[in-house]
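Undergrad: So that we are looking at the same thing, I have put the structure below in structure tokens.
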Amino acid sequence: MKIDFQTLAITLIILNSLQTTALTIQARLMQFTPKLDRWGAGNVCFILGLALHVFTSNNTVSRVSADAALILGSALIYLGTQNILGLPHPWGRRSFQLTILSSWAALGVIEANAPASSLSQAILTGTIALCSGLTARLLYFYRQQFLLIPALFLGSIFLIATFAYSGMAMLAILDLVNDRWIQLSFLQLATDFQLLITSTLWTFGLILTENQQAIAVSKEEQATTEQIFDVSPDAILITQLSDGLIVRVNQSFLELIDQPKENVIGRSILDLNFWKNQHDRSRMIDCLLSQGSREDLEVGLQRPDQSNFIGQVTAKLIKINSKFHIISTIHDVTQRRKSEDLLRQSVERLEPAFQGSLAAIWDWDLVTSDLYFSSRSLEILGYQEGDIPPKISSFFSLLHPDDRIFVQSALDAHSSSAKYPYDVEYRIQQKSGEYRWFQSTGIAVRDEQNKPYRMVGSTIDITRRKQAEEALRESEQNYRTVVNSGHVLIWLADKNGDHYYFNSVWLNFTGRSLEQELDSGSIEGVLSADLQSYLSNYRTAFSQHNSYKAEYRLRRHDGEYRWILEEGSPRYDTHGNFIGYIGHCLDIHDRKIAETALYREQEFTRILLDSLSDGVVACDAEGNLVLFNQVARSWHSYLPPRSSASEWSALYNIYQPNGSDLMPTDALPLFRAFRHEIVQDVEMMIKDPSKSERWVVCSGGPFFDDQNQFLGAVIAMRDVTAERKTKQQLQEALVEAQRLRAALDQVSSHIYMKDLQFRYIYANRSALDFVDRSLEEILGKDDFFFFSEEAAKLLQAIDSRVFQGEQTTEEIHLVNPKDGQLRVYLEIKTPIYESAQSSNIIGLLGISTDITEQKKLEQKLQQQATTDALTGILNRRQFITLAQAELNRIYRIQRDTSLSLVIIDIDHFKTINDSYGHTVGDQVLILWTNICQQNIREVDIFARLGGDEFVLMLPETNGKQAYQVMDRIRQLVIQQSLHLPQQAIAITISVGIAVWTPEILTLDQFLERADRALYQAKQQGRDRIILLDTSSEEIIE
């Protein structure tokens, strides 16, 4: 069979033209997405190339153009296929382009030199086969998109054929075959046939793919439309235009009219009486016929149960199956219209109020984003109307950047649900650039589907409030800082009495956490013995809202119970409402211990004073009478309240000894002592109206503390009323001696008479008992018979003065002949005259009163005023007196002499006190004092200046000698540790020594130099002696 190549070529041209046209139309109608430009251009190139082969085969240029068109067409079909399928090139786009260009150039050269050669045809066939093979490869990998099995079969066969043609082309190129084996016409026919099959197979597969994709897209669009139609919140129905027959409705429409679907579909909309006014429907249909659609038509509608509602209808005229239908969307806006009416009324009613208030109103349309600012809003921000665009974006642009997200979140939350109120605080920038604080509240207006479409609210300027809050927060922080510093324990309780706050000082004291102390946990640390009293006090005050004070023992973190002074006060808010209690507590344990010790000492002193036979009165440093012992109180029927010294004589009935005149204030013994005067044996009379007259002899003076601070004054009053009476009795005895002797025998004082030869001529019973003799045994005896020679001479010396007419009052020390004890007696002696009118002395009368106990008391008082109560050595005041006297002595003698002054400080004494307590500290002081006293001379002046500081003045002692004395004492102190039950406390001292030189004019200068040496001893590490050589001002260690 002979194949007409020209006829076949023409057929191929027609088929390819029809394929290209059909595919282009298909893509246009289906709106197919892939671009067909390269593929279509490839088919055009095929048509052009075949036409040139058929009609201009003898022309060289035409053959070259035909070959180029065929090669370009094959390449463009491949590239177009690759573009549509989106598959990568197997070995690179540039390599492929280079191959095509090389083939094109080779064909041009060959065709120009050897027309219609087998080599050119082989190159043409090989190049087309290459493009066809690549195209077939793409179709093979994309075969799952071709749903028809024949397409796969043809693609597989074509792939095999392509490789066969490609092989033959390669053989021709290599000149391994010649025209005897493969004729040129056969190669040309094979090439054209290959091109036909390639383009036909691809066209067939592409059309199938387009159809499948179009079907899938159609189904997907239909399903999407159905879903949107059914889930739309708006009611949708489709009716025929001609008769109003309902064709289709969605679920929202069925819910709107409350009817099942079978009662609606197939019925006319007129039968449902859906339109309350048919004129509205007619008007809508006229609009549809003229315009094709009608939007947002609000009409009155009714349900089958005759309930009315307002519907917003949007309708459009559509054509289904060549019939006109109306598709309508109905939205129930009844509730929205009611809300808008209410809102309009509220705005009309509240607008005057907003204009007269500080609030600014705003109105935001959520659909258009329009935001209305009232004039008040603009005024607050400093803007004029028109300065700010009325959009929500303008509001956010003025917001502080840190507040934008927060405000947007609040708006979104309120828009999503009304359960999230819109009430926010934010900062807005004024026109001046300054930010101010505002509080804004608003509410969203919602439609029937609870979807917000509008939001209104008000805004007020809260900048001042924010500033006040910031100041309050700062004040609170400062308050908390103060509360948590210092030593005050603070707690807060609510109005129910439960504790809810404890400051860090409390928690550090108790060692407990806040959770442990809350509510009633804090009372767990109160000592059980104090708990009931404390709770009763607290609850009583709490129930009456009164302030209170309480003392109790609270367990500290180390387990020790400490005395606490607690003061609680009620708390009220700014409206006067009771909100709870605040309490602050102080650790007064040390004070309580000191108070207890002081009380015991005062009680001991009181008992001691009350046991005295003499009256004792004292005043404080302000002149207030603070002490009357039992004897002094018994002398007065009434003790007035505190009074000034100028009133003492009148209030306490104090007279001069004559009993006729009140004693002047300046002469009062206690006032004189108050003025730092030492008072000795000042007599006065107490004449209380309800008591008997009483004469007293007063002695006393001021008293000072260890720092020489004036504390007050004290006097002791010895009742001499009996003595005065005794004197009177003695005078009467001179006249009525016999009668009075019996009475004198009843007197406790020793009464006797002597003649001018110092011999006893009378003695009362007390005197006889004193010498343990009878009256007969003493008569004619002198004092040498009863007392020692020294005492007898002293007594006779006094008697001699009396014989000269002097009345004497002397204190003498005599050994009691009966028990051998040394006693002190007050001897009052007066001359005995021959008669009352005579001046001739014939003897003397003596009264001797045992005042030993009184003198002991006076000595004790004197000792208390001059010695240290703890150590028994001199106190600071007495040291200053004696040391000044020693300095005065040195100044008087005006000769070379030595004097050293030493100041001693016990090292780390405060640590001993803090670690072991004051009792151990007192033992340390006593131990040190004993060691020092045992190693100094009697002439040395040793005193305690205060605390752990002592002073020692060494007369006739130079610096070297003083250093040796203090070094010996220092070594003894180191050896003598204070032994406690479980440990020994080592004691060391620091010593500063100063030597007197004539340049030292005052005691203060002397002390200052010694103190400077002591300071150097401490600075150099303590436990050492520093000697300040005052002649050269040199420190010698």
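Heads up, the Cβ atoms here are built off N, Cα and C, so glycines get one too.
Curation does not apply to TrEMBL; its annotations are automatic.
TrEMBL lists these features:
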COILED    720-750  coiled coil
DOMAIN    346-412  domain 'PAS'
DOMAIN    422-474  domain 'PAC'
DOMAIN    548-600  domain 'PAC'
DOMAIN    680-732  domain 'PAC'
DOMAIN    736-806  domain 'PAS'
DOMAIN    808-863  domain 'PAC'
DOMAIN    897-1030  domain 'GGDEF'
TRANSMEM  38-56  transmembrane segment
TRANSMEM  68-85  transmembrane segment
TRANSMEM  122-142  transmembrane segment
TRANSMEM  148-174  transmembrane segment
Undergrad: Per DSSP, what is the residue tally for the domain 'PAC' (680-732) in helix, strand and coil?
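TA: Tallied per class, the domain 'PAC' (680-732) gives 12 helix, 28 strand, 13 coil.
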Undergrad: Counting by DSSP secondary structure, give me helix, strand and coil numbers for the domain 'PAC' (422-474).
TA: 12 helix, 30 strand, 11 coil
Undergrad: Find the average pLDDT over the domain 'PAC' (422-474) in the predicted model and report it.
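TA: Per the prediction, mean pLDDT sits at 82 for the domain 'PAC' (422-474).
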Undergrad: For a three-state summary based on DSSP, what are the helix, strand and coil counts in the domain 'GGDEF' (897-1030)?
TA: 58 helix, 37 strand, 39 coil
Undergrad: For the domain 'PAC' (808-863), give the DSSP counts of helix residues, strand residues and coil residues.
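TA: Residue counts for the domain 'PAC' (808-863) by secondary structure: 12 helix, 30 strand, 14 coil.
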Undergrad: On the DSSP side of things, how many residues of the domain 'PAS' (736-806) fall into helix, strand and coil, could you say?
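TA: Taking the domain 'PAS' (736-806) as a whole: 37 helix, 10 strand, 24 coil.
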